[in-house]
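Undergrad: What TrEMBL records for this protein is below:
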ACT_SITE  A:288  active site, 5-glutamyl coenzyme A thioester intermediate
BINDING   A:263, A:264, A:265, A:266, A:267, A:358, A:378, A:382, A:402  CoA binding site
DOMAIN    A:8-215  domain 'Acetyl-CoA hydrolase/transferase N-terminal'
DOMAIN    A:327-463  domain 'Acetyl-CoA hydrolase/transferase C-terminal'
């Protein structure tokens, strides 16, 4: 046993194997587990439970911060160990079971899960499973690479299992800033007034009496996927950087912009990497995930401070970070996701939010979650928390995919996650549509002129022209509005669709 | 001239007629005018400008708090005096012009207009027109029955015209709590921690140098429409009151509930009036409009304090209020709409939001604005500000209308203003669907079982059953999802639609 990981002697009698801990979970229990975008997840107990479920009919409702790493969600899904899952996932096996209806999934704004639990709008947590760097002399938990919903889980759960991960350096202590929502009607202000503000404690406070198991692991997080810029992502990034430069020239922003939030993925990474080249200085980030680009920007001296709920980076970046943690420690803060994604703080700081759309329509409504209106991809994640409250709400997407069988700019989105009220800027590799101060008919012109792929431009203009003849504040041909999607389902393409006026 | 209405002598030389003031407005100017849900609007200068536009080709972009009273929007619209209008309206002539595309309308969350102006995401205000009870010794404005966006207009405008309305008693001074958003990146906390918190000044601070005209009026606000409860609204109110009683029994709420917000109209009034009869005490209201029911609840001793951006009541209530203002004065606060509708404060206080839907779908997405997906009704108003951040987000609608030609519960909404993520409770006269903690397939069952009118139940169940065969997290038959709406457009009814599987 590692003596410098448990400073609270009463826990020593609770040390057990992952298999023993997994036996403490009963069928139909509600489990809250650490883990946010593959960072700081349960690496022993949940996998052991998944194994147990291979031989036994036993299942849980699993609530996490966001996605889990390794093959945990895959194994849980394939072994029928999940009845219900929330608030986010990013796993192809789990996704399949969600879409065939065998696992119920609740797609939640990431800021809201802790709220719903605190308000008892969701059932109570039976067991919280929390990854720890170590436990301190009062039995409290020093988290690892994410905070997620862990503090709320630990606070509300009847019982707690701690996974001490010895792969995480002890000097992670100090990067976390933890606070839980007070009960209504006595909520306090979340007094974050700049990106680096600290308003809580650097540990998760727990009642040691609730701890029923302590498990040791030594295992790094699943690495983020390597993302190489390509022509499309570079073009999108360039359009956005041009836009920011114009905003600076117009005097609306300074070279420090305002705190940046970026969703996960190639485009976001491309944009953020672009800032390293540009004439920007003293940037800050108020986001949900710190990615490779965050640490590149810190290295380049452009980024002063970054706040999020997790660190999710590639293998190489992870190794550099762990080996040189002191270089970054005073520049990063990890918070609970109800604080990293808090509407209050996002609006107060004036966050610039950059998120990825599955598709958007000619009026600027955005679908972030559902393929052809029915199949869940990953979940809304934090995009809504940010888009709705941001100083600027930006969504990016390639204009087409699968060759040009799919247009990501459509007459009407097949599912709405972000309404046109909450979308300021849309960008594809074709160009950027600045929708600020525009009425729907102006938005349509701007989007068709700037964002649509040439293969779909005429087709979309034709739809819009005919919709205009029908009139309305937001013109549509209602019986044709979703035909691009049904064409995709039936014919495998949105293209060359022959329109007949049906009205 | 009324000497006790101007305590700043330099303004006396600026006194003029409404017609003279209207001449100060130039073609294509951007005008910001007081007025929120018909309260505290410009009653002289805008109407005079509308008259001027009858004989002259002259038009403006008009930004208000919300809807205007009297026939101002009608006259402006009919005389082609509007190029663009935001953020809300409630006028049939204006609506017609918006829907035929001759007036551009921007439908905004009511909390956001002041933000967009402060951030210069909207063009600058040329002239602010603000109704005042009086002007104080520093030239500052004591507002009347609304605050709306007036403080931001006055702060940002190049010039200001003041309308002093002598119909408003001088003791209105003291009910307002005014603050404007600071510029980024130095935003402060909006430190409202309970409904009655005061964080600003009880006047609108202005630069007297900007005042170019002072006009006197003596004219009451347009009264709110009289609303009589009927069978439908009473049934909806009863379902909701039962629900609140169950929440109290479950220990999630106390008899004081949490601060209430209610949209305008019959149902909201019915629900609020219901509280007077029930076993509730020390209620509070954090809303955008104070309606008759607010004052009834104060009279009944059930309501301790009410905060909003305006007072919009019927003639009888208005007269009682003005004659007995002292009885109510210490129980009400009027705030700028970016504070009454602030996401930060709504989430902190844990507001219970009750708003009206035009239609909702089997997964709980809500359309608040567009008839059959294209025609603007009034605008989203504050419903999004509240729904998204509320402790409980409740939407109400009758299950059917026009006999039963229209079902307000549909397979897929024809326009989305509030996504399923932001909708907790749906109520029709048929019953209440409590969607908390439910996945989409569970939501569909709950909504079909509880909210749909019998005339549509089989039809909707049939759609859902066939959608289930296709699968997906959110099952839909995409080519049929909007057919109820096209049937309504083509056949005048959503009923008896003969479905043929087209896949």
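Placed from the backbone N, Cα and C atoms, the Cβ positions cover glycine too.
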Undergrad: Taking only the residues the record lists as binding CoA, namely A:263, A:264, A:265, A:266, A:267, A:358, A:378, A:382, A:402, what is the largest Cα to Cα distance between any two of them, in Å to the nearest whole number?
TA: 27
Undergrad: Measuring Cα to Cα, tell me the gap between residue A:378 (CoA binding site) and residue A:288 (active site, 5-glutamyl coenzyme A thioester intermediate) in whole angstrom.
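TA: Residue A:288 (active site, 5-glutamyl coenzyme A thioester intermediate) has its Cα 16 Å from the Cα of residue A:378 (CoA binding site).
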Undergrad: Mind tallying the domain 'Acetyl-CoA hydrolase/transferase C-terminal' (A:327-463) by DSSP state, helix then strand then coil?
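TA: Result for the domain 'Acetyl-CoA hydrolase/transferase C-terminal' (A:327-463), in helix, strand, coil order: 45 helix, 38 strand, 54 coil.
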Undergrad: So what's the average pLDDT for the domain 'Acetyl-CoA hydrolase/transferase N-terminal' (A:8-215)?
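TA: Averaged over the domain 'Acetyl-CoA hydrolase/transferase N-terminal' (A:8-215), the predicted model reaches a pLDDT of 97.
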Undergrad: I need the CA-to-CA distance for residue A:267 (CoA binding site) versus the residue listed as 'active site, 5-glutamyl coenzyme A thioester intermediate', whole Å please.
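TA: A Cα-Cα distance of 16 Å.
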Undergrad: Listing them in sequence order, which of the binding-site residues A:263, A:265, A:402 have their Cα within 10 Å of that of residue A:288 (active site, 5-glutamyl coenzyme A thioester intermediate)?
TA: A:263
Undergrad: Measure the Cβ-based neighbour count of the residue listed as 'active site, 5-glutamyl coenzyme A thioester intermediate', defined as the other Cβ atoms within 10 Å of its Cβ.
TA: 30
Undergrad: Report the same-chain neighbours of residue A:263 (CoA binding site): residues 6+ apart in sequence with Cβ closer than 8 Å to its Cβ, ordered by sequence.
TA: A:354, A:355, A:356, A:381, A:382, A:383
Undergrad: If you draw a 10 Å sphere around the Cβ of residue A:378 (CoA binding site), how many other Cβ atoms fall inside it, taking every protein chain shown into account?
TA: 17
Undergrad: Under DSSP, is residue A:288 (active site, 5-glutamyl coenzyme A thioester intermediate) helix, strand or coil?
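TA: Note: residue A:288 (active site, 5-glutamyl coenzyme A thioester intermediate) is coil by DSSP, not helix or strand.
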